[in-house]
Amino acid sequence: MENAGKATSLQSSRDLFHRLMSENSSGGWEKSWEAGATPWDLGKPTPVIAHLVETGSLPNGRALVPGCGTGYDVVAMASPDRHVVGLDISKTAVERSTKKFSTLPNAKYFSFLSEDFFTWEPAEKFDLIFDYTFFCAFEPGVRPLWAQRMEKLLKPGGELITLMFPIDERSGGPPYEVSVSEYEKVLIPLGFEAISIVDNELAVGPRKGMEKLGRWKKSSTFHSTL
């Protein structure tokens with residue numbers, strides 16, 4: 001009965017989220033956070049990110065998590081060797097994450113900002129960017145712009161980690177259907193090389209079989225004309 005209750009609650013959250021997005025596409029994300037309609041929020045760090053942190057498999061330096069939401073992954077990645085910026089267009093999400101995590105021992109190694117990913121201009125570029133449930137939030141026509149921003153925000157030789165979801169057949173969104181080829185189509189022309197693309201064996205619950213972990217290296221010699 002408990003699992004049935006959780007499933008019903010999750011479906012209700014999804015229904016409310018889609019209604020808010022359909023009513024106000026530009027402000028739907030903020031409305032969703034205000035209403036607590038965030039069905040994508042796991043309530044904990046993404047398991048594969050926790051695994052990569054524990055095994056020392058992430059680059060050090062400056063890291064960015066766009067569309068960070070509550071910020072669990074931001075906090076999990078932050079350390080003396082890695083300062084992490086969590087970016088979200090929702091002011092409510094950023095206020096909550098800042099309040100929730102500001103007293104943690106590693107709080108000086110992360111920060112949260114409410115900014116538009118497509119117009120934000122940070123003072124420094126990043127060594128690492130992690131994308132999960134962000135690429136899939138945009139209609140397919142926006143994906144080339146997403147890739148251009150990733151290229152601009154990463155340092156030469158920097159790494160982009162894409163947790164690809166949802167790899168399935170669906171109409172509409174968000175989340176919009178994704179595939180490996182959709183990432184390749186927009187990243188490879190901008191000088192990104194796929195270092196590895198594997199099934200995410202640590203995917204949670206209903207997302208199992210619908211995710212792949214992609215690790216991309218930005219060329220050290222590619223020069224964008226954008």
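Glycine too: its Cβ is placed from the backbone N, Cα and C atoms.
Per Swiss-Prot, the features are as follows:
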{"type": "BINDING", "residues": "W29, W33, W40, G67, D88, D116, F117, Y132", "note": "S-adenosyl-L-methionine binding site"}
{"type": "MOD_RES", "residues": "S79", "note": "phosphoserine"}
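This view paints the features noted in Swiss-Prot onto the structure.
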{"residue": "W33", "record": "S-adenosyl-L-methionine binding site", "Cβ contacts under 8 Å, 6 or more apart": "S90, T92, A93, R96"}
{"residue": "G67", "record": "S-adenosyl-L-methionine binding site", "Cβ contacts under 8 Å, 6 or more apart": "L87, D88, I89, F117, D131, T133, F134, A137"}
{"residue": "S79", "record": "phosphoserine", "Cβ contacts under 8 Å, 6 or more apart": "N60, N106, Y109"}
{"residue": "D116", "record": "S-adenosyl-L-methionine binding site", "Cβ contacts under 8 Å, 6 or more apart": "I89"}
{"residue": "Y132", "record": "S-adenosyl-L-methionine binding site", "Cβ contacts under 8 Å, 6 or more apart": "T46, I49, D73, T162, L163, F165"}
Just name the most isolated of the binding-site residues W29, F117, going by other Cβ atoms within 10 Å of its Cβ.
F117
Determine the Cβ neighbour count for D88 (S-adenosyl-L-methionine binding site): the number of other Cβ atoms within 10 Å of its Cβ.
28
